[in-house]
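Q: I have a structure I would like to understand better, so I am pasting it below and will then ask my questions one at a time.
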Amino acid sequence: MTKKPPQVQLGYSKPSLTRIFLYIIMIAGGVVLIFPIVWMVITALKGSESLTAYPPNLFPWPMMWRNFIDGLKILPFATFYKNSLIITTSCMVGDVLTSALVAYGFSRFKFYGREVLFILVLSTMLLPLQVTIVPRFILFRKFGWVDNFWPIIIPAFLGGSGFYIFLLRQFFLGIPNEIADAAKIDGCGPLGIFCRIYLPLSKPALATIAIFSFMYNWNDFFVPLVFLNSKEKYTVQLGLNLFMDQYNVNWSYLMSNAILATLPCFIIFFFAQRFFIQGIAMSGVKE
C-alpha cells in the first residue's frame with residue numbers, strides 16, 4: 001500500500017514580529033531619505049509670501065511653476081550647464097580609461113613590488129582632498145592654469161582613483177586567464193588583449209565607474225570653487241551658490257535650480273542601473 005505524498009497547504013502566513021520590525025525600520029528610513037526631496041520640491045513651488053508664512057504651508061497654493069523658468073533667466077545657467085558637462089564628461093572619460101589601464105596592469109602583469117605598489121594606490125583613498133588641494137593649487141598656478149578647466153580635468157587622466165582601480169582590478173581578476181592565453185596564441189599583444197577582450201567583457205564594471213565619476217564630478221563644489229574665479233567659467237554647483245549672499249537667500253530659485261541640477265544624475269542612474277548593480281556585484285567575485 002503506497003503512502004500519499006504530504007500535501008503542502010498554501011495560505012497566508014502571519015508575518016513575524018522581526019519582519020514587522022524590519023518593515024517599520026525600512027519605512028522610517030525611506031521617509032527620512034525622501035523628506036529632503038519633498039521639502040525641496042515644495043519650497044521650489046512657493047512664492048515669496050508663502051516662504052515666510054506662519055504656520056508654514058505644506059502644500060503651497062498657487063504653485064509657482066514659473067520659478068523654474070525665472071530661476072534660469074536670472075543667472076546664465078545655460079553657460080553653467082555647458083561648463084559642468086565639459087568638465088564632467090572629460091573627467092569621466094579620463095577616470096574610466098586610466099583606471100582601466102592601471103587595473104589591467106595590476107591584475108594581469110607580474111612584476112617586483114606589485115602588491116606593495118597596489119597597497120600604495122589604495123592608501124591614496126585615506127587622504128582627504130583638503131590635504132592635497134594646496135600643493136595642487138600651487139603646482140597648477142605655476143603652470144598658469146588657474147581660472148580654467150585644466151586643473152580639474154588633467155588629474156583624471158593621470159591614473160584615476162584608487163577606488164575605481166580597486167573595483168576594476170577585482171573585476172579583471174574574475175576573467176579567466178584562458179581567454180587571454182588564447183588571444184596570445186592568435187598573435188594578440190597586451191594592448192590588443194586589453195582593448196579586444198577585457199574592455200568588452202567589462203562593460204558592467206566600466207559603466208559603474210562611469211556613473212560614479214559622473215555623479216562625483218557633476219556634484220563637486222570644492223575643486224571648482226578653488227580653481228575657477230570668473231563667473232563665465234562657473235559650474236552649476238557654483239551657480240547655485242550665487243543665490244545666497246550675506247543677508248538673503250532666494251530659496252525658491254535656489255531649490256528650483258537644485259531640482260534641475262539633480263536631473264542628469266537621476267536620468268543616468270535610471271538608464272544605467274542594471275549595469276551599475278551588475279558591476280558592483282561582480283567586482284567582488286574572484287574565480
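Glycine too: its Cβ is placed from the backbone N, Cα and C atoms.
TrEMBL labels come from automatic prediction, so no person has curated them.
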Q: Looking at 149-168, 189-208, I want to know which stretch TrEMBL calls transmembrane segment.
A: 149-168
Q: In terms of Cβ proximity under 8 Å, which residues at least six beyond the ends of the transmembrane segment (20-42) contact it?
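A: Counting only partners 6 or more residues beyond its ends, the transmembrane segment (20-42) has Cβ contacts under 8 Å with 58-60, 255, 258-259.
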